[in-house]
Structure formats: C-alpha cells, structure tokens
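> The transmembrane segment feature in TrEMBL is assigned to A:9-27, A:100-121, A:133-153, A:173-191, A:226-252, A:272-295. If you look up TrEMBL, you'll see A:94-295 marked as domain 'ABC transmembrane type-1'.
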C-alpha cells in the first residue's frame, strides 16, 4: 500500500513536470506582452522591464530558468503586483476559494446523496418526483441566478446573512449555498439511479430473505455498493468547486483564486498563470489519487493486496 | 400430521405496460415437517414466482398476490405486513437462491453476511453469532472457517459461494427451506455434495423443503413428493414414485421423455414441441393442449379439474375422465415406467 502511494507520487511529479512544460510554451503563444501600459513607456523603459524579468532571454533559457526555480520551490514574482511572490498571492487567494469549495462540496454531497436515497426508497412516489424536480432545477439553472435570488431574499429582504464581502464565517454561507446547488443535483441523480439498480440485484433479495427490513437493506447493503459512481463524479466536481468560480466570486465579492486567474490571463502575468495552473493540476492529481484509494476502501474487489 | 405449509388457490400477477401477466394461476400444495416437495417445470412455468410469493419477496409494483392464501403454521402470510413478515423471513422460512455469483453482497465480509440473520432474529451477541457462523461453515463443508469468515465473496469459488448461501439460509434453523434451483449453477460433483448437505440438515432439523428444479435427476434423488408445474398451474402432483413410474399428465410424459437415458439407442433426444403459452393471454382449456399429442376436443374448450389417481396422486388432464379413451404414454416413457429391472430389455425395443 505504502509502496503504491509512493509510486503514484512519483508519477504525479512527472505529470506535473509535463503540465508545467506544456503550459509554459502555450502561454508564450498568447498574444500581447506582460506590459500593461506599453504605450506609455518608452522603448528604453520597456527594455529595462523585460530585462529585469528575463523576458529577453531565448525561450529555452527562460524555460530552463523557470523549471530550476520550480524545483527550488520558487514560482517567481508577479508582473502585475510589483515584487510580490506568486506563492504568497496564491496562498492568499486560495484560502477563500478552497473554503467555499470544500463547504459546498460537503453540503452538496450529503444533501444530494440523501435526496437520491429517499428518491430510490420511495421510488415513483411524491418524494421521488420532488427530488427529481430539485435535481433538474439544480442542473439546468445557472448558479449565478441562484446567487441573485439568495442575495435578494436571504440577504436583503430577510436580512439573515451578509449579502457579500469576506469578513468572517457568516460571509461564506450564501456563496456556499449557491455553489452547493449543482453538486446536490448531480449527487441526487446519480444516487437515485445507482441505488435503484443495486436494489434490484440478487444480493438485496438475499438480504430481504434474511429478514432485513427496507431501510436496513438500503443503508447496510445498498449504499456501499452504490457509492462507486458517486465517488467517481465527485472528484472532478471537487476540483472545479475548490479552484473557485469567477462568477460566484464576483457576485459575492469574494477575493478568490478564480477571479485572480482570469485577471492574470488577461494581463499576460506569466508567473501567476503558471503558478495557478500548476496548483490546479496538483490538486486534481491529488484528488484522483485520493479517489483511487477510496475505491479500494469501499469495494474490496478493487482493493490492493500487499505485495501486488 | 399437520401441514407446515399450505398454499391454497394462489394467484400471482405482474402488471406490465402490455397488460396483466398471470404468472401463477391458482396453485395448491402443502408441505409437511421433514418432507421435501420438488416443484418441476420448464422455465417460465411459475416455479420461482411461487416461492418468492411464499417469502413475500415479489417486487411490488409490478407484482402482486391477486388471490389465495399461504398458510404457514396456520397463519396467512399474504395478510401480513412487511414488518411482521421480516420477523419470519430468515428465521422460520429461509431461502436458498439460484445464482451464487450474484446472491452475496460483494462489499460485505462473508462472516457478517452469515451473522446478520443470527444477530437480528436470535438476538445473539457478535461473539455468539460468530461461533454459530463457524459451525455453519463447517456444516456446509468449508475448511479454514475461521479464516474464511473474514473474506469477501470474490475470494470464494462458485461452489464455495453456494455453500455460503446455504449456510446463510440455515443460520436460524428454519422450519421451512425454500430452495430455488440451489444446484443449477454448480458442476455435478459439487451438486451431489450440496444435496447431501441439505439432506443431512433436513434429517437433523426436521425442516420442510420446497425444492425447485428442472433437473429430474435431482428430483429422484431428493424429493418425497413432486409437483409438476405448467403455465402457472400444477398439472400433476404425487409421490416421487407416482410421478416417475405412473405419470398421468401428457406434460409429465413429455418431461420424462425428454430426459436422456443411458440405455436408449435413439439417435435423437425427444423434445416437447412448441413453446409455453403467453401468460398475458393464457389459452382457454388445458394450457398444454396445443403442444400435446394426446389433446382432445374438450382440452381446447374447458379446463380440466384435478382428477384423483390415488390418495396422494392427482393430475389435471381430461384423459383421466371416465369418458376419455384409454391412452398409453409414449414408448420411451413406458420403458422408464417399467423400472430398472426391465430397462435394459426395453432399450432395444425403442
């Protein structure tokens, strides 16, 4: 097991290196220069700035310098914010995004799974139709519409929660709910379908024949067998939620990474683009590893045996 | 002796988009303590549906018990709520399922699957339940029981899994055991072992067994009585010797005739022509008539009642009516009926 994880970590490093290389060269193909006000600077001044950031070096040299820096944990300095380390900016911006992402993922998955389970237990009944309705709504209406509705009713009309900004935990409530709608819809739909299929299998009949009641069958025998597909979709969902969404962060004025990422692309802030991309990739690969380990935990047939 | 199980006029239907499928259309039988009743018939004759109905395990919707009663120790199971039924299931009535590959929960340790019923019904502590589970695994012939309890179903072979399925069914010493083709998925050597295990247990616990199969060889081995089902009805029921050596219904003849025999010199194996009727629109009269060589005019018009052959042998065919012409079963069946002593002699004649 330990060997397996170590092996996976090595592969992870190789993957990250490849991603860094590809992003580096693709980014250089972006139109425009990192100089935000190029027209206001004299040619001489421009040359000095480009020289300072090493942008005049040949591309292979720039690449080599970047990768060496990377191995020393140095992501470089931001072009946009003078002399600020990319690492510092990322850490600062990641906090709010990851908080919102993690909260909405946990909330969304729990509610979604429960909704799906209820729908499967009361198959073709009112609960089932209700849960399907919620799932369809959650999947088809974009989150910024919910954000607006939540802000208006819960924030402005009833004054329950702060409408926007980022000044404490209560400020996370509305954006968390707005972000959670999508995972709720996805989890509910998958859970319902998967549970219905599992409930139709022979071993459920065996369990019923043992005298296990309706709920026991669902929770003791069904749930674990129905979880695998849910886990599979939750991985990518977790990444997209935790890497922040531009729209939600803008609506709620959250100083998150999503907004920062878009801004840095528009201004050709190479080090930030690189840093963010690498961080997102790292998160993604890490979550895939966690999911693979979770599979084994849930289903003994996928479990790795010692020495394999 | 009182009947352990008595099924009276049981009707089970499934409501589908195409209409009502009448899978079981009025079945009567009974099982005594320590007795084995085999139910035979081809696929789709309603054998499995009948046993599932006994357990209250017909998925509903679309299935429902339309009519009739299932008396277990005098209590009608069809009138019970699911909650009451689940106290009987696994404790007094247990079921052995057909397919060992899918009948066990793949994500639960085998030990826990065996212990589950014990903990629920006998309120045993985990350690007591474990002791009993070890006993059960040894009983069904699984070596290294202690080790095996901690394993998952995928670590077992098909035959071993079927033994586990049987161990689960036997856990609470059920009074009635429903075995739905328990040996069909197994190869012949394992089949014999499993049948021995079941017989031993029956002797020890005096339980009644309803044994569903389409393997007549197995029937001869295990059954005390045999019910032959066709198109959702029992067409002939009697002691095992009655069915094998004095069958009366043309369908029973057909089944016996299509069983290969070692002495037969025939190049071709007999098969019943045609296919079973559509149970959404069951035919008028005798359901087997269109496939029978012995059908009479009345068979297409009126359903035959159960005619009494002897005290415990009944058959639903107009051939037994006093006005019917005397008909002899086909030759291949006749040779079989003459028994083992003349079987070799009959071989050349056919």
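Every residue, even glycine, has its Cβ placed from backbone N, Cα and C.
For each listed feature, how buried is it and what is near it?
Long-range contacts of the transmembrane segment (A:100-121) within the same chain: residues 127-128, 131-132, 134-135, 172, 175-192, 194-196, 199, 214-215, 218, 222-223, 230, 234, 237-238, 241-244, 248, 254, 256, each at least 6 residues beyond the stretch ends and with a Cβ under 8 Å from a Cβ of the stretch.
When Cβ-Cβ distances below 8 Å are used as the criterion, the transmembrane segment (A:173-191) is approached by residues 100-101, 103-105, 107-109, 111-113, 115-117, 119-120, 131-132, 134-139, 141, 143-144, 146-147, 150-151, 154-155, 161-163, 226, 229-230, 233-234, 237, 241, 245, 248-249, 251-252, 254 of the same chain, each at least six residues removed from its ends.
Sequence-distant neighbours of the transmembrane segment (A:272-295) (same chain, 6+ residues past either end, Cβ-Cβ under 8 Å): 5, 8-9, 12, 15-16, 19-20, 23-24, 27, 66, 70, 75-76, 78-80, 86-87, 89-90, 94, 228, 231-232, 234-236, 238-239, 242-243, 257, 260-261, 264-265, 302.
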> Using a Cβ-Cβ cut-off of under 8 Å, list the residues of the same chain that are 6+ residues beyond the ends of the transmembrane segment (A:9-27) and lie near it.
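Non-local partners: 59, 63, 66-67, 70, 270, 273-274, 277-278, 281-282, 285-286, 289.
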